[in-house]
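Colleague: Features from TrEMBL:
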| type | residues | note |
| --- | --- | --- |
| REGION | 1-40 | region 'Disordered' |
| COMPBIAS | 8-18 | compositional bias 'Pro residues' |
| DISULFID | Cys137-Cys171 | disulfide bond |
| REGION | 237-315 | region 'Disordered' |
| COMPBIAS | 257-279 | compositional bias 'Basic and acidic residues' |
| COMPBIAS | 300-309 | compositional bias 'Acidic residues' |
| TRANSMEM | 459-480 | transmembrane segment |
| REGION | 519-544 | region 'Disordered' |
Amino acid sequence: MVGLAATPRPPPTACRPPPHARRPTPAAPRPPPAVTYKAPEPMGEHFFAESFDRGTLDSWVLSSAKKDDTDDEIAKYDGKWAVEEMIDSKLPGDKGLVLKSRAKHHAISAQLLRPFIFDTKPLIIQYEVNFQTGIECGGAYVKLLSQTPDLDLDQFVDKTPYTIMFGPDKCGEDYKLHFIFRHKNPKTGEYEEKHAKKPDADLRTYYTDKKTHLYTLVVNPDNSFELLVDQTVVNSGNLLSDMTPPINPPAEIEDPDDRKPEDWDERPKIQDPDATKPDDWDEDAPAQIPDEDAVKPDGWLDDEPEYISDPDAIKPDDWDEDMDGEWEAPQVPNPACESAPGCGAWQRPVIDNPNYKGKWKPPMIDNPNYQGIWKPRKIPNPAFFEDLHPFRMTPFNAVGLELWSMSSDIFFDNFFITNDRITADRWANDGWGLKKAAEGAAEPGLAAQMLSAAEERPWLWVVYVLTVALPLVLIIVFCCTGKVRHTHTHTHTHTLQNTALDLKKRVALEGNLSVRLTGGTERSWTPKPRPRRRRRPGDAASLD
């Protein structure tokens, strides 16, 4: 056996650190994860890409035009634009286009790399908006400007032809997400605006949370369309069935020259011409009559008026009887009537007359000559056409913002137009995805959010208390009740076992057992003796 030599311990002061040095240092709070900004780079097929990270508006044109039919003071498009970071930017270096002026007309536009032609591939346009200071009344929508020979971006105004208008708009409590396109009538060549149905989703949060949101429009060659916010569909439909007014006019219309015949009878019911007034019908009977069973209450003061002249009233010194007439004291309630059931001449109250029938009218019967509600006849619509491919819209070659807003500092960023969904998603992830990650990293924790919400809405403290206290109370009650029940069951079982043992001993000693049943009946029970087994030779002696 090998022995181990004891190692001498070093002096305490030579090895151990002092007590204050041994205490664990509290860990410093971990900073929120930093998100480094990198400008998105367009990849794949695209017609327009703008992130504003160059910090200039070199490729954009500011409108110098004036609005028609508007006062000169507000007709100019003199609203200011700037390229800058957001007021509360979570991504240093990320810049965007900012609408800077309140109550001003703004117009700015830029050329596409090449015109977009509606053929066999979808149109996808997306861009970001942040209402940094909220939005009172104004829009943040874009216009895709139609390719025309006379398109002049320097003269971009509200009447400049566009192919599609898309984006958020809000005034008062009306929160909109526009999708409007101008459809060309194949017969007349005139354009008419077609509006998508209103989304069923609640859009309020996108306008009030002061976060950056990604707006996307997808229009497919099969005429289907989708409107997305933050890559979630909030509205969808088909150009042929979900636009107002409809793309195609009705095949038939009402004849504008048709007139209703003079003898056309539209009355479904008429008075019975054969009905006669009954002989006992009294049209002159009053609707109400005095109640003959009424009795004047005891103590009624017939000789006392209900109102008397105010004995304390004094004629004003400046009262001129020639100008104002004879002065009379104002009327006040008669104090003698306060303790009486009434004053003045007593009259019987009136009651409904049981014999009142009113003016007799003949009963109504079905009109045998009823012809229904007249409508003009239908004729073929001379303006009818059928366009089964409304997706084939007018090509566009520029994108523009033409806005009026009562709010400033509206932030736009990362405009992108393509015909490939994967390319659009990649651009969105590289741009808006970074903003979303940075905003999420900067958000306070759940506890801080709950405290902040309670400061704005004190009644939430009641909800918090009930949410925490109620489960604790239920757990305590359940645990205590379960323990008492278990103890009671154990005691009851032990008592039954002892009682059974006592009965067994009594039967063994006395040979029988008497039991008094409910109702006073007494019964005896004697156990049968067990049969004794015969002993065989060689069996060991046993005791029964």
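In case you wondered, yes, glycine gets a Cβ from its N, Cα and C as well.
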Colleague: Can you tell me how many other Cβ atoms are located within 10 Å of the Cβ belonging to Cys137 (disulfide bond)?
Modeller: 14
Colleague: Which residue counts does DSSP give the compositional bias 'Acidic residues' (300-309) for helix, strand and coil?
Modeller: 0 helix, 4 strand, 6 coil
Colleague: DSSP says what for the region 'Disordered' (237-315): how many helix, strand, coil residues?
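Modeller: Counts, helix then strand then coil: 0 helix, 17 strand, 62 coil.
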Colleague: Let me check the 10 A CB neighbour count of Cys171 (disulfide bond). How many other CB atoms are there?
Modeller: 13
